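What follows is one structure encoded as structure tokens, with my remarks underneath.
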Amino acid sequence: STMTKILAATEVTPTTVLFDAESERESVRVSSLIRPLLQSEDQSSGSSILGGFYGTIMGFKRHGMHGDDDLPWPLHLLHILFGYSLVVIPVALFIRYVRQKARDSLSTHESSSLLARAVRAFALGRPEYQLLGGEETKKDESWSPHRVFLLLTMFMGIQLSLVTMGYLQEEVMTTAYQRTDDTEQFDRFGDGQFLIFCNRIVALAVCAVVMAATWRRQPPHVPPFYHHSFSSFSNTMSSWCQYEALKYVSFPTQTICKASKVPATMIMGRIVRKERYTRTEYLCGLGITLGASIFLLSAPSEGGTKEEGSTATTISGIILMVGYLSFDAFTPNWQKVLLDAKPRVSKIQMMLGTNLFSAVLCAVSLWEQGSLSSSFSFVITHNGFAKDAFLLSLSGAVGQVFIYSTIAEFGTITLAVIMTVRQMISIILSTLSYGHPMTPWGAIGFCIAFISIFGDSYRKYYMKK
């Protein structure tokens, strides 16, 4: 009923908005292959639900809103989900068909062709290899010098790769690149989603090289390959919720949410992996959140007070930040489920699956918005952009290797702690570089956070002894 009221208010009929001559020049483009999905069979009885949704979007655009950033966030979200559904629905139907055929042909001879094996691995997995799992070797969780060195290596790898990625991302988004056909003209690139797509493609190339070099040492991939799409979707949606929430939340709300990764990861681990945590572990998680929040809120800003130009927190902002924390906590926990399969899924297999589905989702979204060809055109017609985009994507791919290695070796909570500490270290480095003294509240928050981190580690070490 709400959709009908909006359509009536804009005085636009979905069928004319979608397919008349004017709308075909809009930024939202609909392929002729999916027009039957949007148009109803009986034009006199109105349009389909999808047609009504797209008519609403185009109605907003005709009344002065240009691009998804001008749309209300619920409609922007529906627009994104619509693009993803063009992939998800056919794939889900395909998986259902393959499973039904597998149940119907249990007694018949299965095809051994390469295509048939690939289809079975994608939709059904390889459950026959679960018999090879046997007794899983107990992982060494003691704080031996080798394990401490490995953790420090993961920590430094994540910090350096993410810092490099952030620097290169700012360079790419703020640099004006010279055109190849007109040396007097300089243009800036503004499509962040295309950079994410490039990152996924380079990560896939890295995975392909590593897989080719270690093919004989890779374990059989037991779970259905499409299971990687869940973490891929949640990773994409967490990034969208985070960026969209910045329009609706204040600085203190942003800070507290960014510092709440550890409790959110623990709660999601209880839901997804049935992981049990002690009261002491929950208290340590809350201590890390409290200490990090106090420290980050008390950090000095270079451009004045934090309240200058800040946004008041609204219900929409709270909903989006809850979505960000939920999706962000689900991603590593679901990846941990796959990594703990018997036989274990390797971190390279995990990286390959997640990036493959992310690349598909990004490509479909870029195509549906009509910006895929224009982004490739920018790459070809501007000097230096391809090199910067490649280095940015390579740094992101290296960071993924360290992140997946951390999840596999130390678990999701350790990764959440590392990401929280990373924010605090960046504040400390910024404070030292600009010559700002640390406030008393900042020192208190810093102490609370690190006492919680190392107190829990010492408790586990003492209990083992």
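Each residue, glycine too, has its Cβ placed from N, Cα and C.
Here is what TrEMBL says about this protein:
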type     : residues : note
TRANSMEM : 77-98    : transmembrane segment
TRANSMEM : 148-168  : transmembrane segment
TRANSMEM : 194-215  : transmembrane segment
TRANSMEM : 280-299  : transmembrane segment
TRANSMEM : 311-330  : transmembrane segment
TRANSMEM : 350-369  : transmembrane segment
TRANSMEM : 440-458  : transmembrane segment
**Message:** Quick check: do the transmembrane segment (440-458) and the transmembrane segment (148-168) share at least 3 Cβ pairs under 8 Å, counting only pairs 6+ apart in sequence?
**Reply:** no
**Asked** Taking 77-98, 194-215, 311-330 as candidates, which has the most Cβ pairs under 8 Å with the transmembrane segment (350-369)?
**Response** 194-215
**Fill in**
Contact set of the transmembrane segment (311-330) with the rest of its chain, CB cutoff 8 A exclusive, min separation 6+ beyond the ends, reads 73, 231, 234-235, 237-238, 241-242, 244-250, 253-254, 257, 260-261, 264-265, 267-269, 272, 416
**Asked** Sequence-remote contacts (6 or more beyond its ends) of the transmembrane segment (194-215), Cβ cut-off under 8 Å?
**Response** 169, 172, 239, 348-349, 351-352, 355-356, 358-359, 362-363, 366, 371-372, 375, 389-390, 392-394, 396-398, 400-401
